[in-house]
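According to Swiss-Prot:
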type: MOD_RES; residues: Ser44; note: phosphoserine
type: REGION; residues: 86-197; note: region 'Disordered'
type: MOD_RES; residues: Ser121; note: phosphoserine
type: MOD_RES; residues: Ser123; note: phosphoserine
type: COMPBIAS; residues: 140-156; note: compositional bias 'Low complexity'
type: COMPBIAS; residues: 188-197; note: compositional bias 'Polar residues'
type: MOD_RES; residues: Ser217; note: phosphoserine
type: MOD_RES; residues: Arg219; note: omega-N-methylarginine
type: MOD_RES; residues: Ser223; note: phosphoserine
type: REGION; residues: 284-440; note: region 'Disordered'
type: COMPBIAS; residues: 312-385; note: compositional bias 'Low complexity'
type: COMPBIAS; residues: 428-440; note: compositional bias 'Pro residues'
type: REGION; residues: 472-529; note: region 'Disordered'
type: COMPBIAS; residues: 494-513; note: compositional bias 'Polar residues'
type: MOD_RES; residues: Arg516; note: omega-N-methylarginine
type: MOD_RES; residues: Arg533; note: omega-N-methylarginine
type: DOMAIN; residues: 549-607; note: domain 'LIM zinc-binding 1'
type: DOMAIN; residues: 608-667; note: domain 'LIM zinc-binding 2'
type: DOMAIN; residues: 668-727; note: domain 'LIM zinc-binding 3'
Amino acid sequence: MSYSVTLTGPGPWGFRLQGGKDFNMPLTISRITPGSKAAQSQLSQGDLVVAIDGVNTDTMTHLEAQNKIKSASYNLSLTLQKSKRPIPISTTAPPVQTPLPVIPHQKDPALDTNGSLVAPSPSPEARASPGTPGTPELRPTFSPAFSRPSAFSSLAEASDPGPPRASLRAKTSPEGARDLLGPKALPGSSQPRQYNNPIGLYSAETLREMAQMYQMSLRGKASGVGLPGGSLPIKDLAVDSASPVYQAVIKSQNKPEDEADEWARRSSNLQSRSFRILAQMTGTEFMQDPDEEALRRSSTPIEHAPVCTSQATTPLLPASAQPPAAASPSAASPPLATAAAHTAIASASTTAPASSPADSPRPQASSYSPAVAASSAPATHTSYSEGPAAPAPKPRVVTTASIRPSVYQPVPASTYSPSPGANYSPTPYTPSPAPAYTPSPAPAYTPSPVPTYTPSPAPAYTPSPAPNYNPAPSVAYSGGPAEPASRPPWVTDDSFSQKFAPGKSTTSISKQTLPRGGPAYTPAGPQVPPLARGTVQRAERFPASSRTPLCGHCNNVIRGPFLVAMGRSWHPEEFTCAYCKTSLADVCFVEEQNNVYCERCYEQFFAPLCAKCNTKIMGEVMHALRQTWHTTCFVCAACKKPFGNSLFHMEDGEPYCEKDYINLFSTKCHGCDFPVEAGDKFIEALGHTWHDTCFICAVCHVNLEGQPFYSKKDRPLCKKHAHTINL
């Protein structure tokens, strides 16, 4: 429902906005100041602002709406729409009028809850004696809502009083207890009592139970039964034999001794599923998840006992299978009824069992001893050995050294069929990967084949090496020697001392570093300083001598006279023009695009045109103004000197050097005689141009920019020195 409100100005208006187009939500009133103009105009919080001074707010941002309200001249007209927000529902439950008793130690018995007087308390003779139970006298005093028995009261009779009740016992006397047994209250009172809480901490039943327990403590002190000092009896332990936890404890205690030991061994050796997956990834899954028979066999051999067990851990095994004697009576006791439990507690029996059923699994934890864990670990390795154990020298055949020739050298299949086939016997390989990988690969790769196998660089970079290099690796890696892998090479190889004598060196190493023949001469040659494009060069003749250079064209040794050009040597008959094949021995040539040309061919095909004389440029070329010039054609229009690599200025389409351009065309300052360059501040006065810092008084040198001045003999003067005679 829309409605319009007009607020009389001026501001403040007394409301706050929220939302807008930039917040992707409509403009709403978020807050109204109490007593303000907005509150007096019946604006409600949460109403939607549809229009401000007749302007729709659908396209307004939050800032635009604020500015629109601020710009209101005198009155502010708002078109609002009632919020569709539902009425908040209270989440708290309505208060329940329940009758609560009067608190005896905080309420005067002569006053009611609302302060009205009640009947006076009866005489002390009418009160109940300490020996009689106070329950019949309390029942007609309280309302029916509190007269019914509850489970809390029955349990409170059998429970041990806590510290609050002990403090009550210390502070009250027997006479005070008799007063508590007969409190005064209005019968049938239904008004709520003061200082109470939902759990009934100060209810009548709680006070009655406290008084009854205090009476029982006094009777126990008088009869001499119970603990010394008149304290309350200790509660007997109530065992719920029907609970699943109790049944599981009894079942674990009644297990036979061998089954308990077997469970302890399995719990100490088995691993979780994540450890089994990790073992499969690392290749050690043969050690995981053993069956029960293997575990039983691992603990039965006698030869492992003296190695792994100790005197401190041996007595733990027989003791772990026996349940504690103190826990067995409580475990076998039948469930007690509720009435029997109260009777046993009322008699103040102190013969409760010393241990609870929760202590029964404790000896099971001691069944795991280092003896079992240590003896089962080595037995796991021996239980999986199917057949005779492989000796230490045998695994030497399964090494990287025996497999390398098949990867690097394409030796025929007949070479590997006789000897390595016999060495790859299933004895060390088939049982498990453990015995095959026990020797480290480092000592297996150090025997004599390592220094003798010295291939040339060609097989290392080509997938198929030359056939003449095959015999060397095949001899070095043919078969596996029967010697153990742990023995050093100077023991297994008889010629080790001759090979590695201090004064000897192998020739195979020199073959690796030195090539068989000289490398092919590439046309690159030594680096020559680069020349400018189009530079005319000439070859230099050299007579025959002891020097034997290589020709830059045919890459052959030159016998006899030769030419030297562009940093290389040439046969005289092979140093020709790339186009007309004319010999360049006695004529000039030009290098262009990695080729040499005679002057005539270069002028015809490659030489650029000069922009001034319109002829071919042979030699150094000047590039300026996006054109090519002879160095002698591109000169200053005033002094006719070539520019070279210096700066020049253009004026009326002609180039000028910097000196002539300043003298001819630049504006000079009349004060300092220096040119006024572009970007400099200048002043035009007295028919001349001045720098802004040069237009000063000729006498006192005060800057006259923007100031009145006088002139005398074409020089500016300030007002103070205007009548100066001598200048």
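Keep in mind that glycine also has a Cβ here, set from the backbone N, Cα and C atoms.
Counting only the Cα atoms, the space from Arg219 (omega-N-methylarginine) to Ser44 (phosphoserine) is about 72 angstrom.
Between the listed modified residues, namely Ser44, Ser217, the fewest other CB atoms within 10 angstroms of a CB are found at Ser44. Ser44 (phosphoserine) sits 68 Å from Ser217 (phosphoserine), taking the CA atoms of both as reference points. Across the domain 'LIM zinc-binding 1' (549-607), the model assigns an average pLDDT of 84. DSSP gives Ser44 (phosphoserine) a coil state; it is part of no helix or strand. DSSP classifies Arg219 (omega-N-methylarginine) as helix under the three-state reduction. Counting every protein chain shown, the Cβ of Arg219 (omega-N-methylarginine) has 14 other Cβ atoms within 10 Å.
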